[in-house]
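Q: The active site feature in Swiss-Prot is assigned to Lys189. What Swiss-Prot records for Asp33, Gly34, Glu35, Arg92, Gln93 is ATP binding site, and it gives sequence analysis as the kind of evidence. Per Swiss-Prot, the feature Mg(2+) 1 binding site maps to His127. The Mg(2+) 2 binding site annotation in Swiss-Prot covers Asp166 and is backed by sequence analysis. Annotation source Swiss-Prot lists D-ribose 5-phosphate binding site at Arg191, Asp215, Asp219, Thr220, Ala221, Gly222, Thr223, citing sequence analysis.
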Amino acid sequence: MIFTGTANTRLAVDVVNHLDMSLGKMTVGRYSDGEVMVEINENVRGKDVFVLQPTCAPTNDNLMEIMVMVDALRRASAGRITAAIPYFGYARQDRRPRSARVAISAKVVANMLQVAGVDRVLTMDLHADQIQGFFDIPVDNIYAGPILLGDIWRRNFSNLVVVSPDIGGVVRARALAKQLEADLAIIDKRRPRANVSEVMNIIGEVDGRTCIIMDDMVDTAGTLCKAAQALKDRGAGAVYAYCTHPVLSGGAIERIETSSLDELVVTDTIPLSEQAQACGKIRQLSCAALLGETILRISNAESVSSLFAD
């Protein structure tokens, strides 16, 4: 059984349509002061239940929704509850810098999910793989790579080079470059403060080539747009960005529209705003089939990793 909240109903509908089933019957509402109210409207006793809900903006509202949904299902005696969170909010707060008195919010969210009654977590392209270790329950972190890679292959680009937007993304970019039999370039940047970045140097040859920037998410798009400009300044013929999660906060849309990017390709882990849908440089791919197949395999106790075998 698959239930969903209000964060990304369209994706949930696409997933159940792929599986030729219907969404679970549940009412999600708000009291006058904004508190979340959830009621399960069918029998779930002993059932294998999935709650599909990304914790995108409004992050705290959507996070609280999933907590209350899970609690309602647990109290209704669901047999097993899997939190399917395609976009895992708070994932960027995954460690404590040496001199900062800050929370490790990704761990806080992991604790909350487990206390609420989640038995298993399914997510896509976690910002930091080590977040899986914050849980004492199984976590399936699947990858949008097959979706993005398939789109690149269909477009039959020539003279490709895969670009990592920072040192931390090298592993992801290298894996894509290997599958495409393409070269790899790296953008060396320094980030003076949160959501502000400065492109410093490009490691690799991009002159006259088609550049594919690969990243797990695009937020304010500051890094992405500066990277595209730096690549064009170094002679790149075209710059395309492939990012799993379209957070697109702040002035991201305006930056993308006026940037040197030729196109930004994202998935539907997060629904696009009307402004983003109207942007001619943004194109969205569906991850419903991949999520649906993963949910089916988890429910049937089949291998998930074989979906991503080279």
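Cβ from N, Cα, C; glycine included.
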Q: State which of the following binding-site residues has the fewest other Cβ atoms within 10 Å around its Cβ: Gly34, Gly222.
A: Gly34
Q: In whole Å, could you give the widest CA to CA gap in the ATP site formed by Asp33, Gly34, Glu35, Arg92, Gln93?
A: 30
Q: Rounded to a whole angstrom, what is the C-alpha distance between Asp33 (ATP binding site) and Asp215 (D-ribose 5-phosphate binding site)?
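A: About 38 Å separate the Cα atoms of these two residues.
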Q: What whole-number Å value do you get for the CA-CA distance of Gln93 (ATP binding site) and the residue listed as 'Mg(2+) 1 binding site'?
A: 10
Q: Within 10 Å of each Cβ, count the other Cβ atoms and name the one among the binding-site residues Glu35, Asp215, Asp219 with the highest count.
A: Asp215
Q: Can you tell me which recorded positions out of Lys189, Thr220, Ala221, Gly222, Thr223 are within 10 A of His127 (Mg(2+) 1 binding site) by Cα, answering none if there aren't any?
A: none
Q: For Asp219 (D-ribose 5-phosphate binding site), identify the closest of the binding-site residues Glu35, Arg92, Asp166, judging by Cα separation.
A: Arg92
Q: Spatially speaking, which of the recorded positions Lys189, Asp215, Ala221, Gly222, Thr223 is closest to Gly34 (ATP binding site)? Use C-alpha to C-alpha, please.
A: Ala221
Q: Between the Cα atoms of Thr223 (D-ribose 5-phosphate binding site) and Lys189 (active site), what distance do you get, rounded to the nearest Å?
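A: Approximately 9 Å lies between the Cα of Thr223 (D-ribose 5-phosphate binding site) and that of Lys189 (active site).
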Q: Taking the Cα atoms as reference points, how far is Asp215 (D-ribose 5-phosphate binding site) from Arg92 (ATP binding site) in Å?
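A: So the Cα of Arg92 (ATP binding site) lies 14 Å away from that of Asp215 (D-ribose 5-phosphate binding site).
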Q: Taking DSSP three-state, what's Asp215 (D-ribose 5-phosphate binding site) in: helix, strand or coil?
A: strand
Q: Which one is it: of the binding-site residues Asp33, Asp166, which Cβ has the fewest other Cβ atoms within 10 Å in this structure?
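A: Candidates: the binding-site residues Asp33, Asp166. Fewest Cβ atoms within 10 Å: Asp33.
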